[in-house]
């Protein structure tokens, strides 16, 4: 079994050879061609994530008919990019596992499809980051948080384009690792920094805009947890890509991590957009119980322009308990009666993020 000449004598039925790799994880064949399996595993994960993203795109267009045309086109553009990205990954696996079957020397070279999918994947990440950055701008009304998000993301994109051009010219992995691996660190190091910056910006802005209303604060806590979990996942994959490149530059583990990152970004954005109905249902309510101590410095009057949105409002003040009860019937389009009591707050921060 250790003789290389024995391997070509095996049956050339791909289902019984390459297909068996996935099952027989301890076979000697796997030891010899385990880098192909690493790529194959990455494609399976990417295909699963693409399928999830496709379902989420369908759910988005079904549930969000009132979103802006620009956002709808952005989601459609993301799905098209995901499709192209998965097609390029599939060609890479086909190149290694079928076209160059039993040719281990092919593992030392980068196919054109792998070089091409780097800028495509980075364009997906730029698009997703742009949507999150716009949400942060709406939430803060300030452009300063974007200074920590936009420049590193754009630099990562241009670095990925340069990396792709270099791989077209120098497809040998060994030569690339000796001369240009610092560009790889730049691309994914900046992507990890961008993901962390988005998480920090969202958390800080949401926490700063907490109100004295328990339901709003509960929604904000939920959004903070979601932001941390989402960005922690994507940034962890980016850090893993950098670490595996430094620890094992000759292996395909770093490429496997890089392959799934853009599709993770797409799913994170779609998950937020599709969770808006659930968040609105959690935030909407018929009766508010507000302590008067939370209304110091706030306006106690509702504008007459809000009469069309608030069908019925009743107030009952109990001096002993110091509680103001407000009951309101609110249309779905405006599910935040609490913001009407906050002077100087243009909009509910939670609604700005999930609108």
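Even glycines carry a Cβ here, placed using N, Cα and C.
Please treat TrEMBL annotations as automatic predictions, because they have not gone through curation.
Note that the structure is a prediction, hence the values are computed from the model and not measured.
Range annotated as transmembrane segment by TrEMBL, chosen from 252-273, 274-295: 252-273. Among the ranges 25-43, 44-62, 310-328, the stretch that TrEMBL annotates as transmembrane segment is 44-62.
In the predicted structure, the domain 'DUF6534' (192-277) carries a mean pLDDT of 83.
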